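S.K.: Structure below; questions to follow.
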């Protein structure tokens, strides 16, 4: 009798462990912006064939941000990339709902998207000959709390949503659809050349835009060092703009870039000792 009970207890314990193991896996089940299995969502498009509207307010190559007292004027979209042609992203981009953009930390991440032909009435507009597209997250699709989430408030939390450039939307569906059911998953970013750093700001306020990042694409941590300083952890200003108040004049600059999946690249002596603000410097490495 005792043996039977012990066996029963052992079986229950084993089942409990299995269940708990499953719960742990569910708990770890990635955030919406990290899913690597096909996940249902929706997509719309904005702008015209030029893609200008996908880049935020137009800006010159030189100015990224002006800070005046407590007011900050931002250009170049929620990620700060500015002209997406200059940055190498072109039109293969999307604005993400806040649920996906993660307060700008998902900027630079890449996603694969396909139109869901079986996704109801709107699925009839899907172009079956093109199974999927790949895009980089470069902007925010702002919520519209004056509209319900199923009728115009497509980017309201907790919805996941992709607002594509017109060019990319056309590769998935006919524009008559307006909004289409999709499936999406996170994918590796394939970039040409090395990680690039645009050095903005001034001698007392360094504002570094990091872009053209391969691998997981989303920079979660930046560290900066001059030849006369130690490693300084930078503060994220917005999007993928990172700031430091150290004066690095006359010093060669180095960086440590950490992605959301924990991958790290150390870029030593990216610049010579004489370097210039409002210039882009490219590393000889990427993820």
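In case you wondered, yes, glycine gets a Cβ from its N, Cα and C as well.
Predicted, not measured: the structure shown is a model, and the values here were computed from it.
So TrEMBL lists these for the protein:
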DOMAIN    76-194  domain 'Expansin-like EG45'
DOMAIN    204-283  domain 'Expansin-like CBD'
SIGNAL    1-29  signal peptide
S.K.: Can you work out the mean pLDDT of the predicted model over the domain 'Expansin-like CBD' (204-283)?
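M.R.: Reported value for the domain 'Expansin-like CBD' (204-283) is a mean pLDDT of 98.
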S.K.: In the domain 'Expansin-like EG45' (76-194), how many residues does DSSP call helix, how many strand, and how many coil?
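M.R.: Going through the domain 'Expansin-like EG45' (76-194) residue by residue, I get 22 helix, 34 strand, 63 coil.
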